[in-house]
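Asker: Relevant sequence annotations retrieved from Swiss-Prot are reproduced here:
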type    : residues         : note
BINDING : D8, D9, S40, N93 : divalent metal cation binding site
Amino acid sequence: MRILLTNDDGIHAPGMAVLERIARALSDDITIVAPNSERSGAGRSLTLTRPLRLRQLGEKRFAVAGTPTDAVMMALARVMKDAPPELILSGVNRGANLGEDVSYSGTVSAAMEGALAGIPSIALSQVYAREGAGLNVSFAAAEAWGAKVLRPLLDAPWAPRSLYNVNFPAREPEQVLGIRVVPQGLRDYGQTEILQRTDPRGFDYYWIKLAGMPSTPAHSTDLEAAADGWVTVTPLHCDMTNHAALAATTALYR
């Protein structure tokens, strides 16, 4: 099985090394095409105003000076054009991609690009505790549980334009409770702040401070399940149509 690996933390990120070890438990045919630097929060953005640079770093290892979506496009249209991947894995992200995170996440967006191309695609992220913030995030749960959560998905039928979002809890492997399939949760991002600072030359600059809190019923979504210590699996699809609203919206124009 040909597997493409990508991410949004950059090709040199620790999570990429973890993902490669997970993937090699499934196949020896691995190709890595990922951004050359961190592109967290890039969503599904494309690079359209400057050329993309592709650099080969080793056998089947390529860095793209672009976004995660750029990297997947480059892999499918150039690097792996003659032998397309049969599976795309994106991650392992340093930090959760839960609830509304998926809308901003370059990790999930890279998997979504694969899904749009008709290729089974899975995003993987490692949640970390607040005290674990920084560069020393433990990927132990992802490494121990990665292949376990992937194998059943590979044997299952895939709906068109669908993908899976997997999050590993901030627990030691032996403390993980198991695997739960849960829907996407909801955070209250109305609490987001814009922090103002002033540089030495007197010019203002700003930081986005994400301060949202979970606001979904307990134990029913990816947010609560991951916090409780479960590996979460959430099926996603690329069709963003609100099908429940179609009839009511149609009636507005009669």
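The backbone N, Cα and C atoms fix where each Cβ goes, and this holds for glycine too.
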Asker: Using a Cβ cut-off under 8 Å and a sequence separation of 6 or more, which residues in the same chain sit near D9 (divalent metal cation binding site)?
Answerer: G15, M16, E38, R39, S40, N93, R94, T107
Asker: Using a Cβ cut-off under 8 Å and a sequence separation of 6 or more, which residues in the same chain sit near D8 (divalent metal cation binding site)?
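Answerer: Set apart from D8 (divalent metal cation binding site) by at least 6 residues yet with Cβ under 8 Å, we have P35, E38, R39, S40, G41, A42, T67, P68, S90, N93, S105, G106, T107, S109, A110.
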Asker: Measure from the Cβ of S40 (divalent metal cation binding site) and count the other Cβ atoms within 10 Å, all protein chains considered.
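Answerer: The answer is 18 other Cβ atoms.
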Asker: What is the set of residues, excluding D8, D9, S40, N93, whose C-beta falls within 8 angstroms of the centroid of the C-beta atoms at the divalent metal cation site?
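Answerer: In sequence order, the nearby non-listed residues are N7, G10, A13, G15, E38, R39, P68, G91, R94, G95, S105, G106, T107.
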Asker: Provide the number of Cβ atoms within 10 Å of the Cβ of N93 (divalent metal cation binding site), excluding the reference atom itself.
Answerer: 29
Asker: Could you tell me which three-state DSSP class N93 (divalent metal cation binding site) falls into?
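Answerer: In the DSSP reduction, N93 (divalent metal cation binding site) maps to strand.
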